[in-house]
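Features as listed in TrEMBL:
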- F:GLU35, F:HIS69, F:GLU149, F:HIS182: Mn(2+) 1 binding site (BINDING)
- F:ASP57, F:GLY226: Ca(2+) binding site (BINDING)
- F:GLU66: Mn(2+) 2 binding site (BINDING)
- F:228-274: region 'Disordered' (REGION)
Number of protein chains: 6
Amino acid sequence: MFYTDNKLQYPVRVDAPNPLFARALQQAIGGVEGEIRVAMQYFFQACGARGNPKFRDMLMNTAAEELGHIEMLATAVALNLEGAPLSLQEEAAKDSAVNAIMGGLNLKNLLSSGLSAMPVDSDGVPFDMSHIYASGNIAADMTANIAAESTGRTLAVRLYNMTDDAGMKDMLQYLIARDTMHQNQWMAALEELGGATGAFPIPNSHPQSEEKAEFSYAYLGFQADGSEPAEGRWSQGASIDGKGEFTIQPMAPLGQVPDLGKAKPKSGAQSEQM
Amino acid sequence: MFYTDNKLQYPVRVDAPNPLFARALQQAIGGVEGEIRVAMQYFFQACGARGNPKFRDMLMNTAAEELGHIEMLATAVALNLEGAPLSLQEEAAKDSAVNAIMGGLNLKNLLSSGLSAMPVDSDGVPFDMSHIYASGNIAADMTANIAAESTGRTLAVRLYNMTDDAGMKDMLQYLIARDTMHQNQWMAALEELGGATGAFPIPNSHPQSEEKAEFSYAYLGFQADGSEPAEGRWSQGASIDGKGEFTIQPMAPLGQVPDLGKAKPKSGAQSEQM
Amino acid sequence: MFYTDNKLQYPVRVDAPNPLFARALQQAIGGVEGEIRVAMQYFFQACGARGNPKFRDMLMNTAAEELGHIEMLATAVALNLEGAPLSLQEEAAKDSAVNAIMGGLNLKNLLSSGLSAMPVDSDGVPFDMSHIYASGNIAADMTANIAAESTGRTLAVRLYNMTDDAGMKDMLQYLIARDTMHQNQWMAALEELGGATGAFPIPNSHPQSEEKAEFSYAYLGFQADGSEPAEGRWSQGASIDGKGEFTIQPMAPLGQVPDLGKAKPKSGAQSEQM
Amino acid sequence: MFYTDNKLQYPVRVDAPNPLFARALQQAIGGVEGEIRVAMQYFFQACGARGNPKFRDMLMNTAAEELGHIEMLATAVALNLEGAPLSLQEEAAKDSAVNAIMGGLNLKNLLSSGLSAMPVDSDGVPFDMSHIYASGNIAADMTANIAAESTGRTLAVRLYNMTDDAGMKDMLQYLIARDTMHQNQWMAALEELGGATGAFPIPNSHPQSEEKAEFSYAYLGFQADGSEPAEGRWSQGASIDGKGEFTIQPMAPLGQVPDLGKAKPKSGAQSEQM
Amino acid sequence: MFYTDNKLQYPVRVDAPNPLFARALQQAIGGVEGEIRVAMQYFFQACGARGNPKFRDMLMNTAAEELGHIEMLATAVALNLEGAPLSLQEEAAKDSAVNAIMGGLNLKNLLSSGLSAMPVDSDGVPFDMSHIYASGNIAADMTANIAAESTGRTLAVRLYNMTDDAGMKDMLQYLIARDTMHQNQWMAALEELGGATGAFPIPNSHPQSEEKAEFSYAYLGFQADGSEPAEGRWSQGASIDGKGEFTIQPMAPLGQVPDLGKAKPKSGAQSEQM
Amino acid sequence: MFYTDNKLQYPVRVDAPNPLFARALQQAIGGVEGEIRVAMQYFFQACGARGNPKFRDMLMNTAAEELGHIEMLATAVALNLEGAPLSLQEEAAKDSAVNAIMGGLNLKNLLSSGLSAMPVDSDGVPFDMSHIYASGNIAADMTANIAAESTGRTLAVRLYNMTDDAGMKDMLQYLIARDTMHQNQWMAALEELGGATGAFPIPNSHPQSEEKAEFSYAYLGFQADGSEPAEGRWSQGASIDGKGEFTIQPMAPLGQVPDLGKAKPKSGAQSEQM
């Protein structure tokens, strides 16, 4: 169950409203690296968490935090849209600066939401909830979260580098710090689940005796000339999960020429296929 | 540049065609955990890789492998669709078994593709390329790949557990082994990039002096009663990136009551908002 | 800012788990009439609310309530998925009942989320955040909310009629009651904004002197034979907004034959179009 | 069955083509508030209308009108795209005005459709037919239509305020008038269906005795400090549907701590979850 | 401008309602091969047609026809949904036939639309208007239409073969005939535009002197072993457009190893990439 | 099975990086006319090809070619993004040129991918794999491919006309040539399948005796005044498939007034509908 108050988690201040920066901030709301994504991802992972309840509690606790981040960013978007032009006067048609601002907006922020934030990314594409990764495997979920916070902090840093507005920089310093914590938080949870050698390969409940062992730690090459592919840590030494030894080998086809045979009568194919 | 031959990477054999299993296999083609996703993700990461070229080469090499996996699975889907009913004869209307099979299909596998595979998931939803995570940050990309292969192997294991078909089990044992390798491969690449203490927080090029340090390693609580949230490895001890110490603290609002003020004239709001 | 506790807003009990009902319940989570939609809609409307702050506060307060409804339903989905088959044994291939259950599932609930809820509808289609209507016009938002709760209660009633499970019926009686309240809540807010004669036509800030008055209250007919269309309250009497009188009239084209002229050189058209 | 002639419903004239305004107009075609939406929504509602046939007839009649609106707007988009630049000459690279126009376009209007309209919104996002609300409940449909026309008129007013082109303003005055009518039309239909006290709560066929009455007219509070939420018409007095009395009360969790127990063997979870 | 009457273009009769066939028919409404697609595709092509107005008129005329086909199919879906079960009674839980029917439905046809048609495909996926191909090139549009009607007739034939219902077979015989005509209609239009040798390569306005002539009629091979690919009409003889001679040749890379160099400072990359 | 090397199929050179042209090139990657589409379309058509295996081989061979085109274009996008601004300095706020460039970008190319290509179109909309037409009917597939290459070459020509960069023009001359070949290739394949008179109407396996012959070659009119629609090659002479004679006739409704009757009890409708 959720509760709210009427305050922001951290101060949101915009010194010089910039409609183009509002558009950029939309990526942090409705982009695939954004806050709707992490809020809903942790929420659904919590709802599906089986086993030790502390993971469920932690996930839902941080979901609540992320909901507050959406609220902060939505406020920042609206404040940055202050001063956006509402009309294309004839004189403006000659004024490239005004047109550049208008043309540089997500027009939906003006036409659909009346100078407010929307659950869309920086190019106006709505967020699609298929990006909520909640697998029912708690370790797989943690890897998805590390990935989400890695791209999330990368995005926040890009936004930070894009603006000179002191208020916005302050807010982003907070969000970047939280992304630092969350990267560590999910790595810590993964460590608690056994870390590289205990949790991997995910799912660790599947017996490795039931996989084709000769391919489990081989870096296969698909170079057209049959040469070995580029070497690296991944082609030699102990595997990271501690359960094998990396090898390297060019791959050749082991399977047949696929042949589906003729089309079935009444299946809508051409006569020549039957 | 890409090349092909006319053979499959690994043998694909279906002993007892099962249209419902064909539907399940679609998830491994067009699901967010599927092979189109990893093939295209590694492809686009390769195309955008800056810095040491060995990462580009490795990514593109494995992209080629994954394209072959799509081909294998597409063949498996078509072979499993053999024997799917094409009609709802009146007698069948009374035969719940036939109806159960027909109703249990992705009907598009019959109506749109004529008993062949499609780039859709197990519920017929087309794959959406927004799931291709290629961030321009090579370490963030590796975390996305670990996540993709974690859910990928989880999916392959679920498919493996779902079927008793010896041919399908053999094919899945190969794919599960490859997922084991790929989880290790991306972890190895991350290790080469510095591992937990060198690569994190991602992006490591951003000076941590420019984040709000007091929030960088704090596990914040958002419990309605102000209590501390569930403890774990994430609330105490050294942070995983080795750059801080975890703490735990309930959070209170630091920000203002948000106030956007009145709506602008001619902005399409109600008069009462102005 | 948001908070959570570890309890459900209302008891969720499933007496006889039914995987097909789990699928149906997904519509109330990720369908366009579902709880993600209302939670996020009220949330974004709150974030963009200008004018009297009591609307913002009310919207965010009820957004918090709806988040708890998602949590309840996600729990109900997972509990109903208990007992779903995980495999298609050969014997099951002959057992239409098992196949019917497996085929009747959203397979993603098994393959992607491991018997947990997902932010998808009852046919496995992910929720798309373009359904979050937050217009920046507070009265338009209230009409969107009345609509959302009308289809929401209709859905809840259909789910209620579909099940005989006492636990599920109890939970749905609560949710149906809340939909009753919320229909009334948004109608009450609209009344406070002036009701039919004060708030309409929305936006009421636009001077009606700047619309083509002869078409503002005319029920136009588009019958192929030029006859008058079906009459009703909408074709006679005072208009509901109290600002006009309904009339009825067949419509004839007032505009020109559209003619875009020739294609521009170098615009990629055929030579014949230039 | 549908018919057409070769004329526009109302004159479409563009005095000074403006490619950026073309982009804005796309919202009125393919935006969620746009004309494809209402045309198809009324069309599908008509096709599914059960009960008194006059509703079906009215809905289909107005669907025909809206199809003509799409045609008008598509013509307006194409006419506004006249004069859009087709090339980024080197000299233009230095000319910010040209670049601003090119960059401010939906590039698809140039690259995909050759300076013509598309079924996309003002940011180039294609219309998604999930926005066609046709519930099978005639009163719920009317509320969806009031909402659609409320955001539709808001959008048309914003477009009207954005342009100074006399031709475009004239066309929009017509469309705004039609939106005024249609808001009234659907409210009139709702009145004919019983109005607030007869049609609500929707669906009115569900016996209110089968909902949890103590929650049917209570404005519940989800304030973190347990205080009462903001008061309004929605927290006191008779309910709008005339069937209850509004109350206000802070909410506490009535349900359990959710517990899904352990993961099932072979369900793809980690061993630690079992 | 569009008009309607209250009758169907062709009789729609369902002798034995079959909810699973209703689901299949949805593909012909909201599938990518369906009637919404062709109706809207011809509509938008008409709206963007430049040059000889007879093409615009023809396109819009046939768009009107296709709107009537949607109406017919929507009626057929609703009639087939008659008799669909609305509840999962406990006794039904034991009755696999009822469950098979319920599980085989698009549940949205029950839960969202109340036993009526929706603009979704046979797996419940909503139609996405990005499938409206209207290129501004009239010959390219004709090829898109031939393709649409080819898959359209294939779908109609599959539906025809699926059912034994005399009413449905009669309706589909009409729709199949119309698809026959429309395939011919668009081929005839293409012939009028010059046919294979006059209209191709599309766009014919682009001077072929400005393409790399040595690659314009070469069937290039991408076989891993450097062998020639499978021969056919496409590898020898005059080209179909009459402007070249087909050749066949294995391809080797002509371009460089791509190298994007180092990442820019402050671009969010890892330090190691800079 | 697929292979790669580390070189580009054709040289990619950008003389003067232009971020706006990078955005335009995205359409050729992730637009519906782009290279992901053709690569994946030929790939899936190959995987589902039944009958003569030479079609499968040819399709997969050309799929490999198109994968190389994506790689070329992704390189071109990244090279054109060189020099894109990363920040909105205060001074830049006054500099409309910088703002015009920033505002004219797909911001995701900066914020999500760090100045690299993405699988999105020129307005930032991700590619949706529902555009992969693979019907199981080989002739229908060929028509889809002719259509894809027709819009593909049209797009390439528009890009060619948009740029003055010698490197980009050279690359596009190659791609335009390949589109010329591919249009011819698929027409040649269609010829081998029987051409207009042998392959059409598609599917040619369906007996035309089972369609309503009187409508198979009639150009029906849907003009509101009952007049004949615009004449053309499609209204007279032998049909293109050689199996009929075109006629022309205004259409009148042959079907009934649709009537779904009353809503079922417990179906969620209003009482008035029952």
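Yeah, the Cβs are placed from backbone N, Cα and C, and that goes for glycine too.
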CA-CA, which of the binding-site residues F:ASP57, F:GLU66, F:GLY226 lies nearest F:GLU35 (Mn(2+) 1 binding site)?
F:GLU66
Other than its own, how many Cβ atoms are within 10 Å of the Cβ belonging to F:ASP57 (Ca(2+) binding site)?
21
Compute the C-alpha separation of F:GLU66 (Mn(2+) 2 binding site) from F:HIS182 (Mn(2+) 1 binding site), stating it in Å without decimals.
11
When DSSP states are grouped into helix, strand and coil, how many residues of the region 'Disordered' (F:228-274) land in each?
6 helix, 6 strand, 35 coil
Subset of binding-site residues F:ASP57, F:HIS69, F:HIS182, F:GLY226 within reach of chain E (CB-CB under 8 A):
F:ASP57
Where F:HIS182 (Mn(2+) 1 binding site) and F:GLY226 (Ca(2+) binding site) are concerned, what is their Cα separation in Å, rounded?
43
Could you state the CA-to-CA distance between F:GLU149 (Mn(2+) 1 binding site) and F:ASP57 (Ca(2+) binding site) to the nearest Å?
19
Around F:GLU149 (Mn(2+) 1 binding site), how many other CB atoms lie within 10 A of its CB?
28
Near-B candidates in F:GLU66, F:HIS69, F:HIS182, F:GLY226, the binding-site residues, by Cβ under 8 Å:
none
For F:GLY226 (Ca(2+) binding site): DSSP state (helix, strand, coil):
coil
Long-range neighbours only, meaning 6 or more apart in sequence with Cβ under 8 Å: which ones does F:HIS69 (Mn(2+) 1 binding site) have?
F:GLN9, F:GLU35, F:ALA39, F:LEU175, F:ARG178
For the Mn(2+) 1 site (F:GLU35, F:HIS69, F:GLU149, F:HIS182), what does the 8 A shell look like? I mean other same-chain residues with CB within 8 A of the CB centroid.
F:VAL38, F:ALA39, F:GLU65, F:GLU66, F:ALA148, F:GLY152, F:LEU175, F:ARG178, F:ASP179
Other than its own, how many Cβ atoms are within 10 Å of the Cβ belonging to F:GLU66 (Mn(2+) 2 binding site)?
25
Near F:GLY226 (Ca(2+) binding site), which residues of its own chain have a C-beta under 8 A away, given they sit six or more steps off in sequence?
F:PRO250
Other CB atoms, at most 10 A from the CB of F:GLU35 (Mn(2+) 1 binding site):
24
At a 10 Å cut-off from the C-beta of F:HIS182 (Mn(2+) 1 binding site), count the other C-beta atoms across all protein chains.
25
